[in-house]
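Asker: Quick one: the structure is below, and I'll ask about it shortly.
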Amino acid sequence: MGEETIAAIATGAGEGGIGIVRISGADALQVAERIFRPRRGRPLGCRRSHTVTYGWVVTPGGDRIDEALALVMRGPHSYTGEDVVELQCHGGQLAVRRVLEQALQAGARLAEPGEFTRRAFLNGRLDLSQAEAVVDLIRAKTDRAMAAAVAHLRGSLRQAIGRIRERLMEMMAHLEADIDFPELELEVQTREEVAAGCAWCLGEVERLLGGARTGRILREGLRAVLAGRPNVGKSSLLNRLVRENRAIVTPIPGTTRDVIAEWVELGGVPVQLFDTAGLRPTDDPVERIGVARTHEALAQAHLVLVVVDAAAGLGPEDREWISQLPQGAARVGVANKIDLNPAFELSALREALGGAPVVGVSAETGEGFDALEAEVARVAGAFDASEELLVNARQAEAIRRARNHLRDAQATLESGLGDELVAIDLRAAWMALGEVTGETAGEELLDQIFSRFCIGK
């Protein structure tokens, strides 16, 4: 893969002030020289690294396509670790595409998705956790998600994994030396010292796994579902929270027949709000489909906003559907239309929710919405991102396997079985953790990871 010179558009689709075509590989400078004419001075191949040259992108016949800046970055001090040239032209779709076409005609190959970052990984510029952080940084929706991605890009996860693997390697070396050379009087760790090392590694692994759910929330968003009986004002609540008229609102019960999703940021966490069909028995086949989708949304929710009509009071129908809510999600009670019944007893709703927090609001006047947003932000903030070691699903799966192997090693030590069995478990944990940083990752895993990238990254 690394022997070919590749090129791709590195900026997003659509019109913009600047468009970038990235070229990387052993012949990147030669390819760029064939299509770029400096306004004055030496050709690109004679330019120093990390310099900018003004000129024109031209056809083989010398016709000018667009004026551009050429950035020369010689390997290994570039993103990919190879010679890289970036051509910055005007950001029109046609202009950027024409520049890319010239680069391909001059000898470059169109890059595959994620191929630039894959080359950075293969050339030792990034480990696998840092490569994945590039995607997280691009897709970050909040400051907290961005901070976590930047921490991984700096190598925080690599360093944490490295410390655990180093300790595992030290224990393996002592155990295997004693196994292979029993006749020598080597200074080796006692089984008690190995057990203490396993306990330390297990504690570090558990700490990393503690950030798995938070990492998923920051990447994918907190799923907050507005649920309640028909005509309690769920759609009005959604519109007020997202500050636009996104959902249709009428006084007719059952207006909302499908799930509507909108994004909002609260507490530094991206929150995806779902307006749902009202929960009630119905003979209407379309409404039944909507109610079924409401139950599907509830099953996947991180937070359920339990909406009741304060003007009508908390009735037995409300208590019935509240009692049937799936377990696992956080809950916040919302008594809407509180302006029509200021005497509504919030304590009754709190009791029905088993002590969950409740707020009284009015989607009509905006009363109580600061308190509601604060409660949602509190739930979102409960996913602590302070350590910034927020692993993704793939990384968590590898770390869980390492945890299982460490537990097996502990059990082997406690049972008094041979050191060779302990060493096998420790090596398996060491290998599993290596998948996080890519040190023990195979081609199939790399293909899977880098296929998530866009072309040009």
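Heads up, the Cβ atoms here are built off N, Cα and C, so glycines get one too.
Quick caveat, the model's predicted, so the values are computed rather than measured.
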Asker: Which of these, GLU86, GLU166, GLU414, does Swiss-Prot say binds (6S)-5-formyl-5,6,7,8-tetrahydrofolate at the same site as ARG22, ARG125, LYS457?
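Answerer: That (6S)-5-formyl-5,6,7,8-tetrahydrofolate site, as Swiss-Prot gives it, pairs ARG22, ARG125, LYS457 with GLU86.
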Asker: Within 8 Å of the Cβ centre of ARG22, GLU86, ARG125, LYS457, which other residues of the chain have their Cβ, at the recorded (6S)-5-formyl-5,6,7,8-tetrahydrofolate site?
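Answerer: Once ARG22, GLU86, ARG125, LYS457 are set aside, the remaining close residues are ALA10, SER24, SER78, TYR79, THR80, VAL84, PHE116, THR117, ALA120, GLY456.
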Asker: Sorry to bug you, but what's the C-alpha spacing from SER235 (Mg(2+) binding site) to ARG125 ((6S)-5-formyl-5,6,7,8-tetrahydrofolate binding site), rounded to the closest Å?
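Answerer: The separation of the Cα atoms works out to 49 Å.
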Asker: How many Å lie between the Cα of LYS457 ((6S)-5-formyl-5,6,7,8-tetrahydrofolate binding site) and the Cα of LYS234 (GTP binding site)?
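Answerer: Computed Cα spacing between LYS457 ((6S)-5-formyl-5,6,7,8-tetrahydrofolate binding site) and LYS234 (GTP binding site) is 41 Å.
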Asker: Between the Cα atoms of ASN231 (GTP binding site) and GLU86 ((6S)-5-formyl-5,6,7,8-tetrahydrofolate binding site), what distance do you get, rounded to the nearest Å?
Answerer: 57
Asker: Give the residue from the binding-site residues LYS234, LYS457 that has the most other Cβ atoms within 10 Å of its Cβ, counting over every protein chain displayed.
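Answerer: Its Cβ has the most other Cβ atoms within 10 Å: LYS234.
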Asker: Between ASN231, SER235, which of the binding-site residues has the fewest other CB atoms within 10 angstroms in the structure shown?
Answerer: ASN231
